[in-house]
Amino acid sequence: MHRMHNTSSGKVFDVFNHIFLAIVGIVTVVPFLYVIAGSFASESELATRSFFLIPNEFTTVAYEYIFSTNAVIRSLGISILVTVVGTILSMILTLTMAYPLSRKNMVGRNLLLNLILFSMLFNGGMIPTYLLVKNLGLLDSIWALILPMAINPFNLIIVKTFFQQLPQELEDSSKIDGCTEFQTFWRVMLPLSKPVIATFTLFYAVFYWNDFFNALLYLTDTTKWPIQLLLQQLVMVANSGLGDLQEASLYEPPEESIKLAVIVVATIPILLFYPFLQKHFAKGVMLGSVKG
Amino acid sequence: MENVHENKINSAVQKNKKSKWQRISKEKWLYFMVLPGLFYFIIFKYFPMWGIVIAFQDYSPFLGVRESEWVGFEHFHYFFTNPDFLRLLRNTFILALYDLIFFFPAPIILSLMLNEIRLSFYKRTLQTLVYVPHFMSWVIIASISYVFLTTSGGVVNELISSIVGKEINFLSSPDWFRPMIMGQIIWKETGWGTVIFLAALASVDQEQYEAAIVDGAGRFRRLWHVTLPAIRSTIVILLILRLGNFLDTGFQQIYLMSNSLNRSVADVFDTYVYFVGITEGAFSYSTAVGLFKSIVGIVLIVGADRLAKKAGESGLF
């Protein structure tokens, strides 16, 4: 902590700084607070009052409505399923690939690492990937939302770097104790990697929960839409009134409070996870700045 | 004599080979473990690379890659002579430039300001708040923008009309598209961007500040001579990384905010590939556009890497 001269210009700066940052903080959260407040307000209040953070009349009509429809519940279910299955699969693939790659004496390690690095530089692009998914018969299947991005190469490299930093002696001693490679991995390495596992489980979970583009690309069957795609269609397509997409006609233009309630529902899991996230991600990001 | 020498080399080579296979068989668990991930990369990363050949074909889904007719560089020729090309290049370039000018400095300024806060409770609360939007999806951000900016009762427009008496159609005006995109990305990612700078700032040697104070340096001189030099290398490396991804305008964000009224400024390479390829079914042509973008992207990344090494950084790879 650096002490400073209490010059008058320093004080002016301090005051300005505190006020400016308070405004930044407010501007960050107010939109969320408005959305939450509006989702509990009546339609007439939303139409008459331009801005409020506490509704005059507290009502849960919007939530009752969205939970009485099939679409929202089904979409939430699909999002949960994709997030849970996707995150587990991604973590298994990432951890099992990262561990061997962290072993510097592994034959063929450099070839594999270059294969991964090259895939980060260059990829087939949207259309060839789409055609692959189509040819694999994954269109309109929730596997299309999981398999094509099951491993994030950046995450893989960071996890590999983490394993590499664990002391070599641990491996040697567990081998002397008669552990197989897999046992070493399972019983010695994984328990030591809890912070990394927590960080990347959360990163993958946030990714799967937030993903809408793959659903847009690969799912034409509206009954398989995850919540993000449903939200996009409800708020943007119905709202824009531009008739850009045919799907617009699937829905009656929803009332304002219903849109706000769907935004809240699509956000809640992240907000529930956030305290856990926050504990771990600073570490995770810092790991990311360490090169492999 | 020579024979003996050769034999020695041969046996050494053989021994080496043998030991390599021995090592592999001894550590076969490692290879079993790596297999699922390797399959993933081969199928979902490398197989589509092979699919790029359709950029040089008139690909028909019924004929497949093997049977479709080869047309060489026809699609590229068509793209480069198409007025769309210049429009896309211009839109992509302007958004990337805006990003560098308006978004890039934002996290640096915010972390410098946060770093001046000495009340650790206040500082931590602020950090917690400004990180939140990063974890929201672009759909959420875009939805909130719609709710706030719409001309039919949006909060921002009601405020504006109560002051100036008329509304601004942010959502479908070409003039407002770029400011809106910049506003969204600044709101979503500035806080998260401070993570790395705050870490760099935390590692500044406190004695340097004390020495500067003894030398009579005021607040801004300390900022200029101690703080900024300390985070310079972080700024440089992130700037170079950004240059390497110059063409990567955020696809999801732009897709979500574009509509038929602002398309003249909203279309970028990525959204064009989507609209022409997926919605219009021009697979070969849009693959060619995508390939063009990828190649320019690689050139930029490799160039950025060279630049990083020249700037005395350790490079990106």
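The chain as shown is numbered from 1 upward.
Cβ coordinates come from backbone N, Cα and C, glycine included.
TrEMBL entries are annotated by machine, without manual review.
Within its own chain, the transmembrane segment (B:29-56) is flanked in space by residues 65, 68, 70-73, 75-76, 283-284, 287-288, 290-291, which lie at least six positions past its ends and keep a Cβ under 8 Å from the stretch. The transmembrane segment feature in TrEMBL is assigned to B:29-56 (among others).
TrEMBL lists B:89-304 with the feature domain 'ABC transmembrane type-1'.
Annotated transmembrane segment per TrEMBL: B:93-114 (among others), in sequence order. Beyond its flanks by at least six residues, the transmembrane segment (B:93-114) meets 123, 126-127, 130, 178, 181-182, 185-186, 189-194, 197-198, 201, 223, 227, 231, 235, 238-239, 242, 246-247, 249, 254, 265, 268 of its own chain at Cβ-Cβ distances under 8 Å.
Sequence annotations record features per position, and here TrEMBL assigns transmembrane segment to B:126-149 (among others). For the transmembrane segment (B:126-149), the residues of the chain that approach it from at least six positions outside its boundaries are 110, 114, 117, 155-157, 170-171, 180, 184, 187-192, 194-195, 198, 250, 252-253, 256-257, judged by C-beta separation under 8 angstroms.
According to TrEMBL, the feature transmembrane segment maps to B:181-202 (among others).
Taken from TrEMBL, the feature transmembrane segment covers B:223-241 (among others). Remote same-chain partners of the transmembrane segment (B:223-241), defined as residues 6 or more beyond its termini with a Cβ less than 8 Å from a stretch Cβ, comprise 100, 104, 108, 112, 115, 196-197, 200-201, 203-205, 208-209, 212, 217, 304-305, 307-308, 311, 313, 316.
Residues or ranges marked as transmembrane segment in TrEMBL: B:282-304 (among others). Long-range contacts of the transmembrane segment (B:282-304) within the same chain, counting only residues at least 6 positions beyond its ends with a Cβ under 8 Å from a Cβ of the stretch, are 51-52, 54-59, 61, 71, 75-76, 78-79, 240-241, 243-248, 269-270, 272-274, 276, 316.
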